């Protein structure tokens, strides 16, 4: 009980929660990062260095979703998520965009192996950490179907 009370007392007041999509290893104090963090008087260079260090294992220009929690004392914390499922599907399928008429027009096909690999990468995300791999695969298949991409057992 005392530990919970101590945590409540030491909790810092939050000024804002900022959600951005920034290319991996490409955070610079220019837009979109600069104006978003500047209005809360956060240290831009500290964020850019930390973000670029955390995302250096990804290929450059991979769109990374980042959630920044800005505190009232001008400090911040941030979590980096892996790219969206639709981005992975488009890269695996080799297409620029999905179907204009999903359900009627199939753009391309993907194998179940591709879906499994995407699910393994997404399982490292903080929000998908405790989800079973089968549930993540079902979600990826649903996203692919809504993009007009058919999932098959094996590619011919």
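Glycine residues also receive a Cβ, built from the backbone N, Cα and C atoms like all the rest.
Caution: TrEMBL annotation is automatic and unverified by curators.
Here is what TrEMBL records for this protein:
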DOMAIN    18-76  domain 'Large ribosomal subunit protein uL11 N-terminal'
DOMAIN    81-151  domain 'Large ribosomal subunit protein uL11 C-terminal'
Item to check | the domain 'Large ribosomal subunit protein uL11 N-terminal' (18-76): DSSP-derived helix, strand, coil residue counts | outcome: 17 helix, 16 strand, 26 coil
Item to check | DSSP-assigned states of the domain 'Large ribosomal subunit protein uL11 C-terminal' (81-151) in counts, ordered helix, strand, coil | outcome: 34 helix, 8 strand, 29 coil
